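Encoded as structure tokens, the structure appears first; notes follow it.
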Amino acid sequence: MRILGIETSCDETAVAIVSYEGGRFTVEDHLVASQVKTHAKYGGVIPEVAARMHVPVLPDLLSKVTGWKGGAIDAVAVTAGPGLATSLRVGIETAKALAVTWSVPLVPVDHMEGHVVSAMIGQHLSGDCWPALCLIVSGGHTEWVRVHAVCEYAIIGETRDDAVGEAYDKVAALLGLPYPGGPSVDKTAKRGSSSRFTLPRPMIDHDTLDVSFSGLKTAVRYLVDDTPEENRDETFVADVCAAFVDAVMDVLMAKTRRAIEQEAPTTVLLGGGVAASLVLRRRLTELVAGHQVTLWLPDMAYTTDNAAMIAAAGALRFEHGDVASDPFALDAVPSHVLGASWI
Ligand code: KG4
Ligand code: ZN
């Protein structure tokens, strides 16, 4: 089957055409227009600005993705949530119009399910791949997800406060590094020494797969506040970044190890914007080397928000029969509301 995917949940407008046959995805087209330069001026995403920017950009991207011309599209997938409601609606209303005009099913996709499926692109899906464990680390979510099989998920651990990407963004702001904080903290950390400062590893030994990152962020704030301004030079910033990244990775790896031991998965998947971190990819690769599991890392292009992952997740949902019963009634959903399908 061939499916058009649309993603407008936050500050990336994205369109993709993906085909799915015999357990394999083929990404035929994949375009992303990022608003990051606009939001960087404000140090974060301004929802009203994000929604307005999607409006002219989405039709522009659709006109550049030519694969849908000629009508060989079997369904339209769109991110229905979680995300910014006004941004989501731009994608949803466009997807509705296309699906109804083409008389094809409309497939609502959970954005986080998209991040899980992003690591399946390029792989051969079969019954042998499951059960799997997926670590999702994005700007809004940090979750360990059990994948019983395609379209059967359960959240088995999550952050109780800040998501990892959010913690990166906040630490970057405290250190005067540019938004988005993930790439800038990641890059700066490479020049620093992680041994100069010791930051807390919250909940690392707790008997749960849940985590918390707000205390770590606060510890960075105290470190900055307690250091005289003249001592907050480039080396200080780099050393704080290195200590922060080390603390985050130690927590993520400890919980992932615990989850692997608990769940005994066949496959481990990684997804979300923070999956672009080379340190995270290396640490996870090292971790799974000690276990009998196959690791699926997402292609770098599919780590941050994109529509290929939404189209791919939509293709699996389509085959599973999860299409909108009344396309006109579809509206933005604030959280994992496709929740019924998350068991
Ligand atoms: O998945 P995503 O694009 O959007 C959400 O669904 O939230 O994730 C965005 C997050 C941001 O917090 C950004 O700072 C972080 O991913 N990020 C990174 C890197 N690139 C993006 N974090 C760490 N290292 C990176 N290289
Ligand atoms: Zn995302």
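Including glycine, each Cβ sits where the backbone N, Cα and C put it.
Quick look at what TrEMBL annotates:
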DOMAIN    29-311  domain 'Gcp-like'
BINDING   HIS111, HIS115, ASP305  Fe cation binding site
BINDING   ILE136, VAL137, SER138, GLY139, GLY140, ASP169, GLY182, ASP186  substrate binding site
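Secondary structure at ASP186 (substrate binding site), taken from DSSP and collapsed to helix, strand or coil, is helix. If you count neighbouring Cβ atoms within 10 Å for each of the binding-site residues HIS111, HIS115, the highest count belongs to HIS115. Checked against ligand 1, the binding-site residues ILE136, VAL137, SER138 give SER138 in sequence order as having a Cβ less than 6 Å away from one of its atoms.
Taking Cβ-Cβ distances under 8 Å and a sequence gap of 6 or more within the same chain, the neighbours of ASP305 (Fe cation binding site) are GLU7, SER9, CYS10, ASP11, GLU12, ALA14, VAL32, HIS111, GLY273.
Put plainly, the binding-site residues ILE136, VAL137 were compared by Cβ crowding within 10 Å, and the winner is ILE136. You'll find the Cα of GLY139 (substrate binding site) roughly 12 Å from the Cα of HIS115 (Fe cation binding site). Between the alpha carbons (Cα) of ASP186 (substrate binding site) and HIS115 (Fe cation binding site) lies a span of roughly 20 Å. Annotation note: HIS115 (Fe cation binding site) sits in a helical segment as assigned by DSSP.
Screening the binding-site residues SER138, ASP169, ASP305 for a C-beta under 6 A from any atom of ligand 2 leaves SER138, ASP305.
Each of the binding-site residues ASP169, ASP186 was scored by how many other Cβ atoms lie within 10 Å of its Cβ, and the smallest score goes to ASP186. In sequence order, CYS10, PRO82, GLY83, ALA163, GLY165, GLU166 make up the list of same-chain residues 6 or more apart from GLY140 (substrate binding site) whose Cβ falls under 8 Å from its Cβ. Annotation for SER138 (substrate binding site): spatial neighbours MET112, HIS115, ALA163, VAL164, GLY165, GLY271, GLY272, GLY273, VAL274, criterion Cβ-Cβ under 8 Å with sequence separation of six or more. Computed over the domain 'Gcp-like' (29-311), the whole-number mean pLDDT of the model equals 96.
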